[in-house]
Amino acid sequence: MKASAVTAALAVGASTVLAAPSIKARDDVTPITVKGNAFFKGDERFYIRGVDYQPGGSSDLADPIADADGCKRDIAKFKELGLNTIRVYSVDNSKNHDECMNALADAGIYLVLDVNTPKYSINRAKPKESYNDVYLQYIFATVDAFAGYKNTLAFFSGNEVINDGPSSSAAPYVKAVTRDLRQYIRSRKYREIPVGYSAADIDTNRLQMAQYMNCGSDDERSDFFAFNDYSWCDPSSFKTSGWDQKVKNFTGYGLPLFLSEYGCNTNKRQFQEVSSLYSTDMTGVYSGGLVYEYSQEASNYGLVEISGNNVKELPDFDALKTAFEKTSNPSGDGNYNKTGGANPCPAKDAPNWDVDNDALPAIPEPAKKYMTEGAGKGPGFAGPGSQDRGTQSTATAEPGSGSATGSSSSGTSTSSKGAAAGLTVPSLTMAPVVVGAVTLLSTVFGAGLVLL
């Protein structure tokens with residue numbers, strides 16, 4: 001089907017949706033909000049204690065939130081671990097998720113959700129082509145499917161799209177997607193659900209990417225920043241791992257920061273890093289993290305092994321459970337940065353950071369209607385994909401263009417008027433970097449993550 005036909009079909013679908021879909025969600029859940037550089041549950045500081053959850057990995061891509069029986073089976077294990085959050089990398093936005101999301105809510109568990117799938121994502125080798133209206137329709141439909149649940153903690157706009165110096169040229173498109181998601185949430189009059197990015201932990205541009213996602217006008221800035229970190233390999237320590245330097249370098253950062261993946265498996269995992277992550281050594285800067293990963297897949301990071309309805313606990317399960325049981329959150333507010341705020345945009349430093357100005361691509365023209373009409377029904381996993389389909393952006397966005405359409409609601413929980421302190425960009429030898437636990441469907445697909 002030609003791109004023009006796809007666009008026309010989407011327009012027909014969108015025109016029939018004048019309001020957000022009705023979702024039977026729990027009303028007695030306290031949503032997570034952003035204050036300064038921290039998350040809060042009401043007036044109490046919220047630290048993410050979670051795992052990454054995508055049973056089946058790359059060999060059998062499935063939506064675990066649409067699998068009510070499997071979800072309830074695994075919630076029992078989540079509760080045993082003492083979790084309050086799970087991350088899911090791919091969901092089918094054509095399916096119903098009420099039963100699992102409500103069961104998670106009953107267990108006090110929140111969801112951090114990646115909006116992308118392997119077929120609907122930004123291609124780091126062709127970011128301009130893959131940032132199109134067909135792609136945006138898919139991820140907006142995913143927002144529609146989950147925004148009604150109060151235990152939807154946050155959305156990830158991408159995962160490790162930038163994984164080296166040359167791929168940093170895709171950063172404006174990652175930031176544009178983040179902007180568009182935030183604008184869609186506000187324009188559709190959903191509650192303020194944080195949107196951020198999950199970065200690769202690479203010395204070449206980790207700090208620059210963090211700075212970039214928190215610079216510019218409020219409508220362009222992210223609500224949080226996260227990165228995947230496998231640099232603490234037991235036996236280790238706060239200093240030996242280099243985590244002390246990362247805390248130093250991120251001190252003064254104006255957004256909530258957390259680990260979207262952690263848990264090096266080079267040696268026997270004891271999860272010694274848990275005691276540091278939830279201590280005052282780090283809580284002024286970090287808001288917890290997500291252990292990779294719940295189910296045993298080919299990369300051998302699993303806490304449990306799933307076979308049908310049976311779940312077998314592996315040694316790492318007990319190790320993590322013990323680490324969490326021994327580690328409580330700090331009392332009070334954890335010395336968070338109450339001011340928050342924007343920082344200056346990073347200067348171009350090719351080949352490590354190949355972004356030469358602050359300009360972002362404008363939202364593709366056919367996608368603008370979704371802000372007022374809604375995205376329509378999501379195509380789900382069966383959809384044809386968006387990598388080379390749809391209409392691309394043809395203009396540069398003006399500052400403020402990501403403000404809500406037909407709404408005066410605030411675009412962020414923090415303000416650039418209170419500028420964050422400057423971050424310290426480390427030398428490339430700051431700390432060892434261990435190869436992460438995830439691979440992509442293709443070496444060029446950034447956001448479409450497939451777990452192994």
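Every residue gets a Cβ built from N, Cα and C, even glycine.
The active site, proton donor feature in Swiss-Prot is assigned to Glu160; the stated evidence is a curator's inference. Sequence annotations record features per position, and here Swiss-Prot assigns active site, nucleophile to Glu261 based on a curator's inference. Marked as disulfide bond by Swiss-Prot: Cys71-Cys100, Cys215-Cys345, Cys233-Cys264. The N-linked glycosylation site annotation in Swiss-Prot covers Asn249, Asn337. Annotated GPI-like-anchor amidated alanine per Swiss-Prot: Ala419, in sequence order, evidence recorded as sequence analysis. Positions annotated as region 'Disordered' by Swiss-Prot: 325-419. Under the heading signal peptide, Swiss-Prot lists 1-19, citing experimental evidence as support.
For the disulfide-bonded residues given as Cys71, Cys264, Cys345, the lowest number of other CB atoms within 10 Å of the residue's CB is seen at Cys345.
In the shown protein chains, 20 other C-beta atoms lie within 10 A of the C-beta of Asn249 (N-linked glycosylation site).
All protein chains considered, the CB of Cys233 (disulfide bond) has 19 other CB atoms within 10 Å. Counted over every protein chain shown, other Cβ atoms within 10 Å are most numerous around Cys100 among the disulfide-bonded residues Cys100, Cys215. Within 10 Å of the C-beta of Asn337 (N-linked glycosylation site) we count 23 further C-beta atoms, all protein chains included.
A gap of 20 Å separates the Cα atoms of Cys71 (disulfide bond) and Glu261 (active site, nucleophile). Other Cβ atoms within 10 Å of the Cβ of the residue listed as 'active site, proton donor', summed over all protein chains shown, number 25. In the shown protein chains, 26 other C-beta atoms lie within 10 A of the C-beta of Glu261 (active site, nucleophile). Reported as a whole number, the C-alpha separation between Asn337 (N-linked glycosylation site) and the residue listed as 'active site, proton donor' equals 26 Å. Under DSSP, the residue listed as 'active site, nucleophile' is assigned to a strand (E or B) in the three-state scheme. Here the Cα atom of Cys100 (disulfide bond) is found 37 Å from that of Cys215 (disulfide bond).
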